[in-house]
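A.B. asks: First, the structure itself, so that you have it in front of you.
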Ligand code: MET
Ligand SMILES: [Zn+2]
């Protein structure tokens, strides 16, 4: 199917875009994403001061990850994102695990999310995925997330940041996660054009047939965090038939409106947005600072606007909680009364 309407780039929508569109339709015209995973793990007492961040819990407390996934499904999420954001084979190896053990841990992150979905369906026999999509998205954080120095918020990879280096870095994790059969692959917090290009080439070369989404982040409402043009980044995603949705995550809510409009100029693929609470991450202190974040109520007051702008998948990123997701779900139900 060739999609060309509005400002879209006219690329092949492909199976990935069609799959996401079907899920969006099954969700009544929109899908709710989950909220911050690390935030919730910490709220339950996990110490994530570790290069693996939330992925540390795949090792130390899988039951906690399962609980947080379940809480988000209970709050209305149609999509839960696995704990693999900062999990890499290289990161597990530097903790003394073998390559094979590292790969098994990545797989385990997807299994935990599958278990949470099964538990929810068992606990709610009245619910079925035919009535309400409940999908598992395998998270792939950027190279900057692996570095654990906050460079996914600068996109500055220095000398190391070549296309081939980034492809080599991400290749095996992508293959292992795809083999674990998630419903989607979530490339999150993409800070620059080069990494988007690396992902596109890997999706093609590894022939990954699980629909993926590309999610960028911005700190000015115009460009992605590295200063690269969001429009150019979104074009790269648009041109890849294996990408089913394009959007923004971990970015303050106040920037989202203009970012959606920019993305809309170059793609007709479904748009997803899951902003953070508006606070800023201080990579040196390893903490969120400037508590000028918006409240759940304020966050949700934006939801109608984002829908009008054309976002079809909406959730929260860092510092958002099941309460935020509950409020987003309620607000979307008003906006899409049939859902
Ligand atoms: C820094 S963005 C983190 C995204 C990831 N899905 C999480 O919530 O933990
Ligand atoms: Zn985030």
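Cβ coordinates come from backbone N, Cα and C, glycine included.
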A.B. asks: Out of 250, 307, which does TrEMBL tie to the same Zn(2+) site as 317, 318?
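C.D. replies: Within the candidate list, TrEMBL flags 250.
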A.B. asks: Do you know the mean pLDDT across the domain 'Hcy-binding' (19-332)?
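C.D. replies: Across the residues of the domain 'Hcy-binding' (19-332) the model's pLDDT averages 94 on the 0 to 100 scale.
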A.B. asks: By Cβ count within 10 Å, point out the most packed of the binding-site residues listed: 250, 317, 318.
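C.D. replies: Buried the deepest by this measure is 317.
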A.B. asks: With an 8 Å cut-off on Cβ distance to the 250, 317, 318 Cβ center, who else from the chain surrounds the Zn(2+) site?
C.D. replies: 36, 189, 217, 249, 251, 274, 275, 276, 316, 319, 320
